[in-house]
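Features of the protein shown, as given by Swiss-Prot:
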type: REGION; residues: 13-70; note: region 'Disordered'
type: COILED; residues: 29-138; note: coiled coil
type: COMPBIAS; residues: 31-70; note: compositional bias 'Basic and acidic residues'
type: REGION; residues: 83-105; note: region 'Disordered'
type: LIPID; residues: 139; note: S-farnesyl cysteine
type: MOD_RES; residues: 139; note: cysteine methyl ester
């Protein structure tokens, strides 16, 4: 490892000295083109390696899932997803419930307010009707 690092350091310095001593000005354009081409090739190689890795991973997952399904079939085991779906229906957890947005809370408060208003209105109407019947009962017209 140390040899590699030393070689890189000395190699870079040696390249700089060669460029300064040689004085070739035309090579800079070629060097840039070569560097760009090498960078493109490197990026393509990285992409190909990543694609191969993903494909290998996908194949392994398919094989694992097939093996899991064979075991499930052999021992008559249901998939976990089916079991998980049945559990929340039995006993809802209040800590895991959906949180209400401020808009929902405002709508609920408005609904409660309307309910209170309706209750008060009905209460007042019943009291007025009771008073009306009491007054009519006391004042009998002949």
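Backbone N, Cα and C atoms are what each Cβ position is placed from, and that goes for glycine too.
DSSP assigns residue 139 (S-farnesyl cysteine) to coil, not to a helix or a strand.
Per-residue pLDDT, averaged over the coiled coil (29-138), rounds to 86. According to DSSP, the compositional bias 'Basic and acidic residues' (31-70) comprises 40 helix, 0 strand, 0 coil.
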